[in-house]
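Enquirer: From Swiss-Prot, here are the annotated features:
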- 602-613: compositional bias 'Basic and acidic residues' (COMPBIAS)
- 624-641: compositional bias 'Acidic residues' (COMPBIAS)
- 24-192: domain 'Laminin G-like' (DOMAIN)
- 45: N-linked glycosylation site (CARBOHYD)
- 381: N-linked glycosylation site (CARBOHYD)
- 618: N-linked glycosylation site (CARBOHYD)
- 911: N-linked glycosylation site (CARBOHYD)
- 466-501: repeat 'TSP type-3 2' (REPEAT)
- 502-524: repeat 'TSP type-3 3' (REPEAT)
- 561-583: repeat 'TSP type-3 5' (REPEAT)
- 584-621: repeat 'TSP type-3 6' (REPEAT)
- 1-22: signal peptide (SIGNAL)
């Protein structure tokens with residue numbers, strides 16, 4: 001091996017051994033803390049070091065995909081999730097956030113700028129926390145062995161509690177739990193120098209002279225006299241490089257300060273310093289003087305003429321402008337002491353018309369007033385005026401068909417939507433018997449919209465219009481869907497022509513359509529969509545790792561990251577930070593039992609340790625700037641320096657960074673988000689969630705199957721088939737109760753769809769769910785056709801009545817016979833189900849009839865309302881129902897012992913706006929009380 005390679009390696013080896021034997025530095029390898037005992041010992045060492053050492057070094061090497069981020073390392077209170085110390089990477093805007101608990105008990109956040117950490121390659125990081133035994137601490141951030149930013153004079157660190165077991169250590173807490181990032185190392189160096197910490201990640205910082213001398217002496221002994229000259233030159237070279245690196249570091253710090261100053265000036269604008277006395281904040285006629293004390297000015301004495309001394313006494317003149325009250329006259333000092341002139345503030349907003357421009361907010365202040373932004377429904381400002389926002393009611397004309405209604409988008413874009421029971425492009429609508437979004441007959445639409453084409457199954461919902469054999473008859477109603485001359489009921493490949501009906505294995509699928517023709521697989525699962533069924537595919541998820549070696553066989557994870565070392569990769573681990581090889585999840589909430597605390601203060605379905613807003617309900621967990629703080633409790637969602645609401649906000653593009661706040665048309669929406677508020681490349685008019693870049697369209701292709709009676713005697717599980725790119729679901733079996741639940745969680749939501757039982761046999765339950773948090777906590781809308789007592793009277797008798805029911809499920813027992821009978825029973829079941837509303841008509845569903853539902857849920861106020869249509873007629877309306885059992889959750893469909901059910905033309909849309917009928921209901925409730 002070449003000498004130039006041997007020497008550096010020996011240097012590192014020697015110094016590493018030297019430091020490991022030294023009492024001045026201790027190193028904690030965070031990724032090797034696998035159990036409570038090891039973690040507690042590490043916390044005790046760290047807590048002691050914080051009282052004795054001057055510096056703490058946090059080192060890490062990791063790989064993070066571009067623009068992603070998450071929490072790299074953190075110390076938390078196990079009880080209330082309080083952050084003692086947290087280090088988060090915000091790759092989207094190149095920041096490292098350091099959050100810690102100050103000595104006064106308050107949280108403090110430091111932004112370290114421009115660390116390019118999310119570039120899809122391995123990075124090394126050192127965070128130096130200096131001055132631990134002083135009144136103020138300093139931070140220095142090194143990336144790839146270079147200083148990139150620092151912060152001085154910060155509030156001191158509170159330290160750690162004496163009970164080491166109460167502190168939780170986490171790494172990669174947020175984004176690393178599901179993304180394909182890789183954390184190679186996270187280590188804490190307690191004490192020592194930058195040079196010693198640098199050796200942990202192969203950064204050759206210049207150390208002290210004693211170390212260098214010891215290294216030289218031992219290296220000479222190893223290599224002999226022939227290399228002394230070369231070693232000497234290398235030492236001198238390293239010293240020169242160290243000096244140069246120190247100079248560059250100082251220059252980098254100075255440039256960082258200059259850069260930050262420039263950025264702040266760009267946000268605030270370049271202007272001359274403004275006088276605190278312009279305009280004069282003091283009373284009229286009173287002088288104003290600049291002052292170094294808060295608030296930056298000082299007012300002179302009040303005008304003498306307000307109190308006039310007379311020959312026989314005194315008189316008080318009229319109250320100052322902005323106040324009202326009587327004048328006062330009197331004689332003698334005692335009279336003046338007993339009688340005071342009282343001046344009361346005038347509410348200019350109430351008493352003076354025209355104080356602000358019409359349709360704007362007027363704010364009364366003591367002695368004056370100020371004008372705010374335009375009122376709701378109006379756009380503009382105090383300069384140009386406030387004008388009515390464009391609405392369907394103010395158009396003055398109707399662009400829509402007589403059987404459609406007008407919808408106004410976020411940016412006053414007008415669109416027309418056909419009414420229930422009608423279909424078309426909105427400008428032209430025709431009858432739609434099966435309510436799947438396609439008219440019975442073709443319509444003469446100018447834009448050639450696909451929804452103007454005639455329905456190829458006019459009486460059976462098929463919102464995808466699938467037609468395998470191209471004969472103009474949709475698969476859903478075609479007796480021979482593949483056109484091979486064999487009827488569907490007899491065809492072992494219903495959608496693939498195969499006249500020979502060859503079937504080499506024992507399942508019900510012919511070879512022509514069997515993705516494992518020689519291995520029985522009735523479910524035909526094909527996770528990676530490569531045409532080869534999972535049961536015979538050596539790489540089920542298609543990530544290039546064979547199943548026998550893949551720690552997540554069904555979820556692509558080429559990096560094979562496994563932080564807890566349990567053999568289950570982070571990408572599919574329900575407890576990625578806790579050793580849990582069994583992966584048990586009894587309540588089906590996607591959190592493994594070993595780390596499932598079921599502590600959820602805000603009731604949004606996310607336990608406090610995983611909730612990015614633990615005290616504010618936010619089931620969507622939206623975090624637009626990826627800073628670890630959910631938008632619902634983040635004062636600056638896009639982290640552009642403009643607060644969402646408070647001055648100098650409100651931010652006119654809350655989710656898109658725009659410190660300039662340019663708004664050319666003065667409509668209150670910034671130019672950068674004018675037509676795409678969340679910047680997800682889908683215009684707001686077409687976006688299912690215009691204020692969430694994570695959701696753009698209705699899609700149930702990825703769903704979780706939940707069995708509600710896993711121990712039932714019949715034990716027939718539902719068979720779910722998803723069509724139309726996730727907007728249609730079909731259930732084919734006469735099954736035990738079950739759910740198909742999408743993975744997208746919502747705060748406020750509008751959920752709609754068409755339900756159709758495509759058979760004349762059986763008479764049991766069909767419906768849908770919302771607010772799903774786990775298999776014991778969800779809302780369900782369920783509909784029985786006829787009255788029937790459940791055939792198993794244990795554990796209790798359950799009677800189902802016909803009609804639509806809205807239930808809140810909060811089960812003590814979870815999936816099993818108790819919950820099964822409670823769902824079947826019409827009414828309340830203590831500890832299991834609460835009946836919130838039942839259709840008083842007591843009418844069951846009809847065979848082969850289509851019904852359209854509209855469900856509105858606003859968990860922030862507990863508002864629920866269900867409307868059901870048969871054809872064009874509204875046949876059931878729950879009215880306003882108030883319940884806050886679940887504060888948001890996921891959506892899905894439900895069936896219980898009913899086969900051949902179609903949920904078609906499904907649609908959801910994020911909506912947190914409070915409906916008008918809730919306000920009316922609220923007023924009525926107040927009047928009653």
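Numbering starts at 1 and runs along the chain as it is shown here.
Each residue, glycine too, has its Cβ placed from N, Cα and C.
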Enquirer: Find, among the glycosylation sites listed as 45, 618, the one whose Cβ has the highest number of other Cβ atoms within 10 Å in the structure shown.
Expert: 618
Enquirer: Mean pLDDT over the repeat 'TSP type-3 2' (466-501): what is the value?
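Expert: Mean per-residue confidence for the repeat 'TSP type-3 2' (466-501): 96 out of 100.
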Enquirer: Cα-Cα separation of residue 618 (N-linked glycosylation site) and residue 911 (N-linked glycosylation site), in Å?
Expert: 13
Enquirer: Which of the three DSSP-derived classes (helix, strand, coil) applies to residue 45 (N-linked glycosylation site)?
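Expert: Looking at the DSSP assignment, residue 45 (N-linked glycosylation site) belongs to a helix.
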Enquirer: List, by number or range, the same-chain residues at least 6 past the compositional bias 'Basic and acidic residues' (602-613) whose CB is under 8 A from its CB atoms?
Expert: 76, 80-81, 168, 174, 589, 591, 595-596, 619, 621, 623, 628-630, 632-633, 745, 747, 772-774, 777, 859, 884, 886-890
Enquirer: To the nearest Å, how far is the Cα of residue 45 (N-linked glycosylation site) from the Cα of residue 911 (N-linked glycosylation site)?
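Expert: Approximately 49 Å lies between the Cα of residue 45 (N-linked glycosylation site) and that of residue 911 (N-linked glycosylation site).
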Enquirer: Looking only at Cβ atoms, how many others are within 10 Å of the one on residue 911 (N-linked glycosylation site)?
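Expert: Within a 10 Å radius of the Cβ of residue 911 (N-linked glycosylation site) lie 19 other Cβ atoms.
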Enquirer: DSSP says what for the repeat 'TSP type-3 2' (466-501): how many helix, strand, coil residues?
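Expert: Across the repeat 'TSP type-3 2' (466-501), the residues distribute as 3 helix, 0 strand, 33 coil.
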